[in-house]
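Undergrad: As annotated in TrEMBL:
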type: BINDING; residues: H85, H111; note: Fe cation binding site
type: BINDING; residues: C91, C94, C119, C122; note: Zn(2+) binding site
Amino acid sequence: MTPQPDRRNDRLRARGLRQTKDRHELLNLFAQKRAWTVAELHRRLADANLSTVYRNIQKMTAVGLIRPIGQTGAEARFELSDRPHHAHLNCDRCAATACIPCPIDNLTADHTLEMRGRCEECKDK
């Protein structure tokens, strides 16, 4: 699901970020409700320089638009920060990160829970 252009603009504007093509494309990727590494994002943004992707991730993290969710190997993954709290399963075979809904509503504090194992695609391999 791709956020509507106005919603993307509102998200960037509300956090004091300039609207650019690369930032809009990043928001479209994050709207897919999955976690991304910088390398994965760079591969998906055909025209963006790697340093541009890193700068945008740094700025979007600093203003709270996205958040790091931990590391798989040496690479941190990022997701939209407006998603409800949930746990993550890091696949030890393909390095994918699967989101696991949190059964506890209305958490009053931040938390991080990461598990290692096999994702749905790798569990029987």
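All positions are counted from 1 along the displayed chain.
Using N, Cα and C of the backbone, Cβ positions are placed for all residues, glycine too.
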Undergrad: Beyond C91, C94, C119, C122, what residues of that chain have CB atoms within 8 A of the centre of the Zn(2+) site's CB atoms?
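TA: Neighbours found: D92, R93, A95, A96, A98, R118, E120, E121, K123.
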Undergrad: Got a sec? Which of these binding-site residues, C91, C94, C122, has the most Cβ atoms within 10 Å?
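TA: Comparing the binding-site residues C91, C94, C122, the most crowded Cβ belongs to C91.
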Undergrad: For C94 (Zn(2+) binding site), what is the secondary structure state per DSSP, taken as helix, strand or coil?
TA: coil
Undergrad: If you skip the near sequence neighbours and keep only those at least six away, which residues in the chain come within under 8 angstroms of C119 (Zn(2+) binding site), Cβ to Cβ?
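TA: For C119 (Zn(2+) binding site), the qualifying residues are L89, C91, R93, C94, A96, A98.
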Undergrad: Does DSSP put C122 (Zn(2+) binding site) in a helix, in a strand, or in coil?
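TA: It is coil.
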